[in-house]
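Q: The active site feature in Swiss-Prot is assigned to Glu80, Asp108; the stated evidence is similarity to another entry. What Swiss-Prot lists as site 'Important for efficient shutoff activity and nuclear localization' is Lys195, Lys198, Arg199. The annotation site 'Important for efficient shutoff activity' is assigned in Swiss-Prot to Lys202, Lys203 on the grounds of similarity to another entry.
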Amino acid sequence: MEDFVRQCFNPMIVELAEKAMKEYGEDPKIETNKFAAICTHLEVCFMYSDFHFIDERGESIIVESGDPNALLKHRFEIIEGRDRTMAWTVVNSICNTTGVEKPKFLPDLYDYKENRFIEIGVTRREVHIYYLEKANKIKSEKTHIHIFSFTGEEMATKADYTLDEESRARIKTRLFTIRQEMASRGLWDSFVSPKEVKRQLKKDLRSQEPCAGLQTKVSRRTSPALKTLEPMWMDSNRTAALRASFLKCQKK
């Protein structure tokens with residue numbers, strides 16, 4: 001699994017995942033499934049934010065080629081991938097600037113168009129189960145939740161999927177590719193252990209609390225990219241490099 005992760009994810013994503021695990025005293029060489037899961041989550045967060053800007057009229061637009069116009073503002077602030085101290089500094093700055101309520105837990109992104117924090121989830125299980133876990137943990141309707149699965153399903157707070165269908169399809173395609181590549185290497189079954197999932201489901205169901213007022217809907221429609229964190233946004237050369245990395249697995 002470790003070899004797969006290093007072959008199929010951008011080196012910057014791998015480095016961020018290693019740092020995140022070491023921050024919590026975890027070893028990527030031992031907890032390889034977690035290593036793969038963290039890399040996948042990081043990539044989805046970066047892909048979620050890619051190419052999305054806000055123009056001078058406050059409208060959300062997509063710019064995929066070349067350097068964006070200087071008048072454009074990046075729609076999403078990336079919080080995931082930073083060390084905890086820096087991440088909370090970014091969150092506090094956003095709250096002080098926008099007046100939004102400070103979340104109890106570190107979110108993954110901030111959406112400047114909708115003025116809300118976003119929690120991204122990537123699950124190997126049923127999307128509605130994972131959604132409930134996230135909602136029960138966060139216990140706040142102010143943080144928007146968006147869950148993706150490796151099967152092309154998704155679920156979001158109040159069925160508001162934030163992104164256009166093409167952007168979401170790009171994420172779903174990448175997740176499906178990761179699943180196929182794991183399966184071709186005989187890694188998928190160990191990544192999704194039925195016994196482990198069953199035990200976790202029983203534990204989750206025992207600890208669940210009602211999520212009143214959270215309207216959800218599952219989308220079953222199945223229809224690259226990485227921003228640097230400092231500086232935050234990617235130039236066209238880096239985008240092209242990541243596109244090549246994105247296609248690496250498919251070419252094997």
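Just so it is clear, glycine is given a Cβ too, placed from its N, Cα and C backbone atoms.
Quantities reported herein were computed from a predicted structural model and do not represent experimental measurements.
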Q: Round to the nearest Å and give the CA-to-CA distance linking Asp108 (active site) with Glu80 (active site).
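A: One finds 5 Å between the Cα atoms of these residues.
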Q: Does DSSP put Asp108 (active site) in a helix, in a strand, or in coil?
A: coil
Q: Would you mind checking how many other C-beta atoms are within 10 angstroms of the C-beta on Asp108 (active site)?
A: 23
Q: For Glu80 (active site), just count the other CB atoms lying within 10 A of its CB, please.
A: 23
